[in-house]
Amino acid sequence: MSLYATQDEKKQAAAKAALKHLPKGGILGVGTGSTVNFLIELLPELQLEAAVASSEATAKRLKELGIEVVDMNHVGGLDAYVDGADEIDRHMHMIKGGGAALTREKIVASIAKKFVCIVDDSKWVEQLGRDFPLPVEVIPMARSAVARKLVSLGGDPVYREGVVTDNGNVILDVYNLNILNALELEKTINDIPGVVTNGIFALNAASIAIVATNNGIEERTAV
């Protein structure tokens, strides 16, 4: 029997458990997505100086709670970045980008000393990409050319119709990639002309995962 009646209750529990891993005061990097939205509601407890947001949607939520949002260009670094994931494995490698904010998420994560990932256990996987497609942000004029390159890598790219990123680009969701070496594939796809970035977070892996399971909260690190 689960401690939680719904998946949303799991997400709320993971968000609450993450607070102790986040510094009070200072400037926090904040991700995007349904689990992070639960965390944002709790952030006033940390009495933050400000936050760096990974999307316009997150910035709006933070401002509604009275938390100042600052431009990353005015920040030298962050003590922590907190975000969810579409998938995460035992190496703390992730697939992100279901909400199309992957590029800004990766940028903000890159200047943080610590990446705290908050998920429910449905996001914990043995191998990335088997159940969730890999999002790739692409400059619009390069969409077809990039898609052909992704096919040559063994993927089946699908254009995410009607979605334009905060950066004015489009998303290709790539199915059926065999992601055995996440670090290598992240670099390979990023080297394709026209790709802004892809949703593999291996170079910017999580430092710790706060995982809500049926039996409660588990804190996991890379093995």
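A Cβ is built for glycine as well, from the same backbone N, Cα and C atoms used for every other residue.
Residues or ranges marked as substrate binding site in Swiss-Prot (evidence: sequence analysis): Thr32, Gly33, Ser34, Thr35, Asp83, Gly84, Ala85, Asp86, Lys96, Gly97, Gly98, Gly99, Lys123. Residues or ranges marked as active site, proton acceptor by Swiss-Prot on the basis of sequence analysis: Glu105.
Taking the features listed in Swiss-Prot, we show where each one sits on the structure.
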residue : record                 : contacts (Cβ under 8 Å, 6+ apart)
Thr32   : substrate binding site : Ala53, Ser54, Ser55, Ala57, Thr58, Asp83, Gly99, Ala101, Arg104, Glu105
Ser34   : substrate binding site : Asp8, Lys11, Gly84
Ala85   : substrate binding site : Met94, Ile95, Lys96, Cys117, Val119, Lys123, Phe201, Ala206
Gly98   : substrate binding site : Gly33, Asp86, Phe132, Pro135
Whole-number Å value of the largest CA-CA distance among Thr32, Gly33, Ser34, Thr35, Asp83, Gly84, Ala85, Asp86, Lys96, Gly97, Gly98, Gly99, Lys123, listed as substrate-binding: 15
Cβ neighbours of Lys123 (substrate binding site) where a neighbour is any other Cβ within 10 Å: 24
Protein Cβ atoms within 10 Å of Asp83 (substrate binding site), excluding its own: 29
Cβ packing number for Glu105 (active site, proton acceptor), 10 Å threshold: 30
